[in-house]
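Working notes for the structure below.
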Amino acid sequence: MSKDNSDSGKGEHKVSERLAKKLAEVRQKKQAETVRTREYYRGPHTISDQLAKKISENRAKRERKDAQAREIVRKGIISSVARHFPALSRNLRKSIRTDDYGTITEDNRNQVALSFFASMKIDFSQLQESEAVALLISEVDKLSQKYKEEDFDPASYPENGHEFEYWLADALGKFGWETQVTTGSGDQGVDVVAQKASMTVAIQAKRYIGNVGNKAVQEIYAGALHLGIKAAAVITTTGFTKSAVELSSSTGVKLLTVEDLPHLEEVLQEEK
């Protein structure tokens, strides 16, 4: 019995050696295959000229396609900025706060730009966010500079309300309008009458710090009606209350800011 057990142990030991040898061979084979696989995915050291040309052509094609997609997005942003310049310029201007010494203490232009993209449903994913925002701000700056070169700066209005009426009339004159500032108590709420070709508009000028309320809308609507003028507008340096906006939608009175002056003709031609 003792001898059998000893032989059995020796047999098992010999099998284990063979198995170990076999496992070592398998392991070496797998390692060799892994090396070959890695070398393959690194790319062969030499490829055919035809394959190299095809790879280069495909890469160039993808790059052209990406460049075209980016250019389409850029043109869309530029077009939207030009179309909505007055409101966009105003919102960007309001998004920057400075202290008494002119140092910027708050800058929310990035949020204004992203809000604009969302409102206009502009998909700028082909560009970096910073690139899209920078393009928008740059285009607004270009248009602002263009108007300054035409001797119109929407931020140059005077502090005095009466002087603001004359400033507004003079500014409209730079864009082809013939204007007249009304005087006396018979103006019925109309501060400026502007005419261009067959278009005439009655304007109430509001040099305000806070938002303009619906009283101004009521006054200019009645004043324009009294003078027999079909188009009416309130033009201010700030904004309007919710009630003023609601009343304007039913009366047809245009609620505008000084940034709208270069585009007054287009605004009045829009459908009520």
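Residue positions begin at 1 at the first shown residue.
Using N, Cα and C of the backbone, Cβ positions are placed for all residues, glycine too.
Noted in TrEMBL for the protein shown:
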COMPBIAS  1-42  compositional bias 'Basic and acidic residues'
DOMAIN    160-261  domain 'Restriction endonuclease type IV Mrr'
REGION    1-43  region 'Disordered'
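Broken down with DSSP, the domain 'Restriction endonuclease type IV Mrr' (160-261) shows 44 helix, 29 strand, 29 coil.
As a whole-number mean, the pLDDT of the domain 'Restriction endonuclease type IV Mrr' (160-261) in this prediction is 92.
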